[in-house]
Amino acid sequence: MSDEPLLLGGRYEVGELIGRGGMAEVHLGHDTRLGRQVAIKMLRSDLARDQSFLKRFRREAQSSAGLNHASIVAVYDSGEDHVVESGGAEVAVPYMVMEYVNGRTLREILTDDGKLPTDEAVRITERVLDALSYSHRMGIVHRDIKPANVMIATDGSVKVMDFGIARAIADTAATMTQTQAVIGTAQYLSPEQAQGQNVDARSDLYSAGCMLYELLTGRPPFIGDSPVSIAYQHVGEQPTPPSAINPELSEELDAVVLHSLAKDREERYQDAASFRSDLQAARLGQPVSAAATASLAALGPGGAGGAGAAAATTVLGTTEPTEVYAAQTTPREGGPPQPAPGSVTSTIPVVDPEDGRRRRRGGMGVLLTLGAIVALALLGWGVKEYMDVRAEANKVTVPVVADKPVETAIKLLRDEGLSYTQTTTSSATVPKGSVVSSDPGAGARVDPDSTTVRLVVSTGPTSVKVPDVKGMTVEEATAALQQVDLTVSRTAKVDTNEVPKDRVFTTAPAIGESAEPGSAVTLNVASGQVVVPDVTGKSVDEAQTLLISAGLKPKTEFRETSRAKEGEVYSQDPDGEEKADVGSEVTIVVAQKPPPPPPSPTPSATPTPSATPTPSPSPSPSASPSPSATAPPP
């Protein structure tokens, strides 16, 4: 079997199961294209086989994807993909890709904590009404407002879920006995829904009123042994004023809640904005609308019981024809919806004046026949009610086991007499050995003799991120790694001045990268030394900056030399590329222009030569004497 996660639409990885309802399962998902976490809702395979449902679901998914409001869970995408079931059959499963909201549903909060503080209940309902006001303007009726469809995020924001899905389900005429989702919804069903009439935005407001009632009191307005009995109360009985259950509530809040729960949609709030306006006024202790005040006054001195009895008598006493509230299958082409085979039906009266006139013309025989039919129907309903009560009495509630250690979860199940099986899955959010989810989920009412609860236990994440251990000692880093199921393989010395000596500088794999649980990590630890940069040939300012950046202290000397330009480093100690302790000194020698040579002595002036005397004229020769006799040498 492949370990690859299921990929929908070639884009969305289906992860762990985070929620389950009667209609669908919700999984944590990952959008591989945008790299974001999403929630993926996949319809049950038995509903996915209904082609008419697929068409309606596709149309509604497209409509809900257009809703963009802060209090509505965003729908990013939808589609269908082929999934192989456990038996090997392939089925096209519709899915919706939605915004992932980290928080709890109102149903979970009510189950865990009971009724909410009044201000918080009103605040949440106001946000829900904001969402409904927007969706109604966009032409979308939710049809399934209930605590399970409202999320409260960890930051306190309110998110309404499942726009469009409820409408698609209603279009298929799903029965109250076929799905747990619709059974759960019976407590928030509007009278017009219970009678099979057309539904509009005011039906959502009735359901919101039911939800507000439960937030304020800790219980829904109507409680019964079966969905049919609850639906009957929605049609024919008045609710007890909320303050009769929670005395802290004001008359103004009573008036708002009761006005939202008017049986006739024409007599309740006509839009979400007016509902919200009255609710805000009640919260602030201000007067509410006259219509809301009249709804409270209509109960009269007899209280809810008297009004309810009168209403019930009026409905049962009518001589008009009744509409069968029964399970229905998908309608044939051109024909009305057909009752589902073997379904048990209950009758809820509806008014049809024209049909009443025809009946009166039919005579006593028709009345007797109809009386017999009604009697048989009521007998069948009574038997079903009795069987439902017996079956419900034997049921137990599945405890909350999510996020609990598996040993604790098993004990909780055994305390309820429930058997269990275990399976495992990886989880990035649930610790190893704790329960991710259960099937059936928490709060489900089950028969312990025929139910085995499947526990999905976390094996931890499929990968972990290397924690940020930079600057830690080896001992501190080792402890931090062990906390996320990683070990230290070895340490290595690296030259750096970014962290002190013997502190972790980097890791392999790098900090923030993913690693398999149990794998080893190398710690690169500062040696306390750095490589001395070569600063020869650089200006004194540049050299000093480089040395300081390397964690060294420059010591500058100036020497006269003609070997380098003035102001340029021409030698250093230690030399470049050698290692030195962080913070040690490096001497740099900067060229200084030598002084000019001393001037040479000035030579004496050369005397100007005197003028050559003009020779005096030779005297004219006298008569040459006669040469004397040459004396002989001695």
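Backbone N, Cα and C define each Cβ position, glycine as well.
TrEMBL annotations: computationally assigned, not manually curated.
The feature domain 'Protein kinase' is assigned by TrEMBL to 12-284.
Lys41 (ATP binding site) carries a strand DSSP state (E or B). According to TrEMBL, the ATP binding site annotation covers Lys41.
The transmembrane segment annotation in TrEMBL covers 364-383.
Positions annotated as domain 'PASTA' by TrEMBL: 392-459 (among others).
Annotation source TrEMBL lists domain 'PASTA' at 460-527 (among others). In the predicted model, the domain 'PASTA' (460-527) shows an average pLDDT of 91.
According to DSSP, the secondary structure content of the domain 'PASTA' (528-592) in residues is 10 helix, 29 strand, 26 coil. Residues or ranges marked as domain 'PASTA' by TrEMBL: 528-592 (among others).
Look at TrEMBL and you will find 557-568 tagged as compositional bias 'Basic and acidic residues'. Residues 537-540, 587-595 of the same chain sit 6 or more residues outside the compositional bias 'Basic and acidic residues' (557-568) yet have a Cβ under 8 Å from a Cβ within it.
Here TrEMBL flags 593-634 as compositional bias 'Pro residues'.
Residue counts of the domain 'PASTA' (392-459) by helix, strand and coil are 12 helix, 25 strand, 31 coil (DSSP-based). Counting residue by residue with DSSP, the domain 'PASTA' (460-527) contains 10 helix, 24 strand, 34 coil.
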